[in-house]
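Q: I have a structure I would like to understand better, so I am pasting it below and will then ask my questions one at a time.
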Amino acid sequence: MAALGCARLRWALLGPRVAGCGLCPQGARAKAAIPTALPADEAAQAPGAGPGDRRRRRSLEELPRLGQLRFFYQAFVQGYLLHLHKLQVLNKARYGPMWVSYLGPQLFVNLASAPLVETVMRQEGKYPVRNDMQLWKEHRDHQDLAYGVFTTDGHDWYQLRQALNQRLLKPAEAALYTDALNEVIDSFVVRLDQLRAESASGDQVPDMADLLYHFALEAICYILFEKRIGCLEASIPKDTENFIRSVGLMFQNSVYVTFLPKWTRPLLPFWKRYLDGWDTIFSFGKNLIDQKLQEVVAQLQSAGSDGVQVSGYLHSLLTSGQLSPREALGSLPELLLAGVDTTSNTLTWALYHLSKNPEIQAALRKEVVGVVAAGQVPQHKDFAHMPLLKAVLKETLRLYPVIPANSRIIVDKEIEVGGFLFPKNTQFVFCHYVTSRDPSTFSEPDTFWPYRWLRKGQPETSKTQHPFGSVPFGYGVRACLGRRIAELEMQLLLARLIQRYELMLAPETGEVQSVARIVLVPNKKVGLRFLPTQR
């Protein structure tokens, strides 16, 4: 009854959006309104029009359409609001690999196959525009804060990106953070062993997602702000605990404020909680930036400009003159959030699947201990000799892309995609979740099989994988800014854990599914057992 009541409440909130429309979601009228699905091979493989090509290019109006009312019915009544990634699967089966959907007055063209995604990504231009960060922009405008690298577009974005790129994107620069990350991993192992000792079995951690979230937050703060904030202490500082809580608050409520009409904001608690979460995040970031500014000023006063030693990322940004403190405050919290979710969720899913697949886990351990001598700590140079470890992370990101969908607007030209001609300023949605589980691209797409990414002696070699079948870090000039750091962080921690422990699922964990809290997260606690290995 409670579930039915919630469904009725959600439906009632749509108010004037459904009033007088005669909506009958499961009746004949709804069925008759569904367009014919676009054939997958026709949409995904239609070649682009070359010079002199006289074949007819179809228009936007000929695409199958998901009506706004039907979408709201799916999200709020059928319960897909926290399962929008699975809604991609449903809609692709119904409409084909390309369909139109609406949110308010905004039209979206959804792309759900690797060739279609590639076509758009390769034509993004110098200043790719994304229009899926509007909620973040509303908060920045509300508090008169500078936009960051995720919320800025055009030439301003390009300049900001260039300033932030210097110490993050180049592999050689990212490798410089190895010692800092290993320091945080040392603390993580201590905390993990404390939790194991506290468990009834003496070897169990009840909630790996939570522990890895604290690890990822500690690591990215140490890199960006050059300060340990105590996330892995047995007793976490109050300010840090409030910050951690506020990040969850912001993400959880952003799901609701994205789809609920604006007139509900004064009536329901979601909008205020969303703003409060962001306010705490920025307050925390501002305190860390202010502390670093005070350190820089103190160095200048004591040693002059020639005596200032650039120690890390934030120090470099503030002393280079490329970013003002206001601009740094706009971007660093955004980088922080991106870094936390990428590593914590991916590592949670990786450990979960390794626990379920002991043969793969044993092969990975053999690889790691064959490269890293007993008693030694993995270093960045070691991963050139660990193809299976890289494949485990790549396969995890294929199954669980951190962001299951994102969007781009092609602003400077019309574009042909799959035989359809789209005007300038068309907004495309990349449906990463369903694309990376496409059976035409990946054999047994729902199976965790890291060997598909290795070249020799694996069944997948009989099929050519499409390079855009899984693009978890994006592509081109707007690819993930922190990719190199995230990869290094995940490689270092996964290698250390496999080196030290045999992983097993806790008995109460069972089967874990994903839910979309903007990012893909487990729907329940992932409890694991860590049994020390004999070396």
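Using the three backbone atoms N, Cα and C, a Cβ is placed for every residue, glycine included.
Taken from Swiss-Prot, the feature heme binding site covers Cys480. The N6-acetyllysine annotation in Swiss-Prot covers Lys286, Lys524, and the record cites similarity to another entry as its basis. The region 'Sterol-binding' annotation in Swiss-Prot covers 387-401, and the record cites sequence analysis as its basis. The transit peptide annotation in Swiss-Prot covers 1-36 and rests on experimental evidence.
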Q: How many Å separate the Cα atoms of Lys286 (N6-acetyllysine) and Cys480 (heme binding site)?
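A: Approximately 24 Å lies between the Cα of Lys286 (N6-acetyllysine) and that of Cys480 (heme binding site).
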Q: The residue listed as 'heme binding site' to Lys524 (N6-acetyllysine): how many Å between their Cα atoms?
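A: Cα of the residue listed as 'heme binding site' to Cα of Lys524 (N6-acetyllysine) measures 28 Å after rounding.
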Q: Within 10 Å of the Cβ of Lys524 (N6-acetyllysine), how many other Cβ atoms can be counted across all chains shown?
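A: Result for Lys524 (N6-acetyllysine): 14 other Cβ atoms within 10 Å.
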Q: For a three-state summary based on DSSP, what are the helix, strand and coil counts in the region 'Sterol-binding' (387-401)?
A: 13 helix, 0 strand, 2 coil
Q: Under a three-state reading of DSSP, tell me whether Lys286 (N6-acetyllysine) is helix, strand or coil.
A: helix
Q: Applying a 10 Å Cβ distance cut-off over all chains shown, what neighbour count does Cys480 (heme binding site) have?
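A: Result for Cys480 (heme binding site): 21 other Cβ atoms within 10 Å.
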Q: Over all shown protein chains, what is the count of other CB atoms within 10 A of the CB belonging to Lys286 (N6-acetyllysine)?
A: 17
